[in-house]
Each structure stands twice: as structure tokens, then as C-alpha cells.
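Annotated features, as they stand in TrEMBL:
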type	residues	note
COMPBIAS	1-20	compositional bias 'Low complexity'
REGION	1-25	region 'Disordered'
REGION	49-68	region 'Disordered'
DOMAIN	71-123	domain 'RRM'
Amino acid sequence: MTAEDSTAAMSSDSAAGSSAKVPEGVAGAPNEAALLALMERTGYSMVQENGQRKYGGPPPGWEGPHPQRGCEVFVGKIPRDVYEDELVPVFEAVGRIYELRLMMDFDGKNRGYAFVMYCHKHE
């Protein structure tokens, strides 16, 4: 192994280490920095699976059972270029979010609808 090979290996290792912190579905998103800032501010996690990106569930410090029936609302007609970094502050104004599920296309845009589950029914 030459010095150039070891330098290239070290730089690829550091790039892999830094991208390991970015959850799948967030990495490479056009608003990746805003999503990471949101996750850092709130302490919630985000993961993409089965055509949806899940934010939260349960929130940090949550103790107790899953929220009761009637805590989840459907949100439609979301512009396709709007993501969690803009949606979460709007929904937080209503109450504490347990989980937000934004439906996603394979091209990285949202499908125009989401489900927001609040911690308590009165919210």
C-alpha cells in the first residue's frame, strides 16, 4: 500500500463515519441540513422505510403507553416540496407530537400527505 492509497482510505473512512450519523432517507435530501438541525433541536429520530419517513415515535423522555385511539390526524394537500423542517413547527403549535409520518415517493419528494400522531387526544 502506498502513501496515496492510505490517504485515500483514510478520507473514505472519515466520509463513511460522518455519513453514518445521517439517517437513511435524510442523507442526500435537498434539505438535509435543515432536517438534521430539526432532529438536533427536538431530540427526535427520523427513519425512512416502506415509502414513508417517520419522525419521532416516541418522543424523547416518553414514559407510558402508546397514545390512545383518536390521537392521529390526516393532513392532506401538502405541497410536494415541503418537508418536516417546515411541517413540524406548524404541528408543534397545536400540541406535543408523538410521531409524524410523511409519505414519500422514490424520487425523494413527498406524496402530498402525512399522518400526525399527538401524545394526547385533546391536542
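Every residue, even glycine, has its Cβ placed from backbone N, Cα and C.
Through the fold, the region 'Disordered' (49-68) approaches residues 25-26, 42-43, 84, 88, 96-106, 111, 117-121 of its own chain, all at least 6 residues removed from its boundaries and within a Cβ separation under 8 Å. Computed over the domain 'RRM' (71-123), the whole-number mean pLDDT of the model equals 95.
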